[in-house]
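Enquirer: Below is the structure I would like to discuss, written out as structure tokens.
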Amino acid sequence: MTMLCLKAGSLLSTKPFHLHFPVPKHQLSPFFPSFKPSSSASRSQIRMSSSSTPPQTIEHIVLLKVKENTDPTKVNTMIHSLNRLISLDSVLHLTAGALYRTKSSPIPFTHMLHSRYSSKENLSAYALHPTHVQVVQESILPICDDIMAVDWVTDDLNGGDSLVPPSGSAMRLTFLKLKEGLGDEVKDEILGVIKGIKDTFGGIDHISCGENFSPARAKGYSIASLAVFRGLSELEAVDSAKELANLEKAKVRDYLESVMVLDYVVSSSSV
């Protein structure tokens, strides 16, 4: 849960687990689910026109763990190559870079990619685009020893401004692994609590949440949320509101097996 899972590590115990690499080439697309390059003019229209905003948006998050002692030049090349994928027609928004902070995670991820699409078909097109496949093969797999990907559908992005978080925005990503045997009514309850967080905590521009539809890639995490803050100060203010956070956590903690919470800041080079 985006806010209610603060200090999640103290509530839940998890055991680290790792995905071994390298990954065969025919399995590349599940990790980075592109289209022909578009002109800068058409890209601007997609980003800024509210009429272009779809009623539902596909969220795609990829978490990366870069190998220790990797040459910084190779890391920079990876980040630059990922951010260049914004030029693909199927992509509404894309940002990639180093994580600002890991609040709670059984795996020490170091970097992330966040992108948005107007349909699952466009996400699949992105995965299969030759430019994207080349980036994965040449810049990602050689330097990363763990990858996790989560995809969900959200209908909470109202207006073009919400599609593209501006430079300096702070993101809190939360992934929930639920206990076995929980029904849809419990999942709906959890998602309802997440959506209500925006009214509880100030400084949040928007919250996106949903059930992961790519379970094979998500290491068992089935509920995802992304809260976008105007900046780091607003995010830090939420961490300071411990009583409110504990109240929100209490609503759902009995349903949870594990929680992953990570923070990221959108840089000017990725927008």
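The backbone N, Cα and C atoms fix where each Cβ goes, and this holds for glycine too.
Straight from TrEMBL, here's the annotation block:
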DOMAIN    58-152  domain 'Stress-response A/B barrel'
DOMAIN    170-264  domain 'Stress-response A/B barrel'
Enquirer: When the domain 'Stress-response A/B barrel' (58-152) is classified with DSSP, how many of its residues are helical, how many are strand and how many are coil?
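Expert: For the domain 'Stress-response A/B barrel' (58-152), the helix, strand and coil counts are 36 helix, 36 strand, 23 coil.
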Enquirer: Summarise the domain 'Stress-response A/B barrel' (170-264) as counts of helix, strand and coil residues per DSSP.
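Expert: The breakdown for the domain 'Stress-response A/B barrel' (170-264) reads 41 helix, 33 strand, 21 coil.
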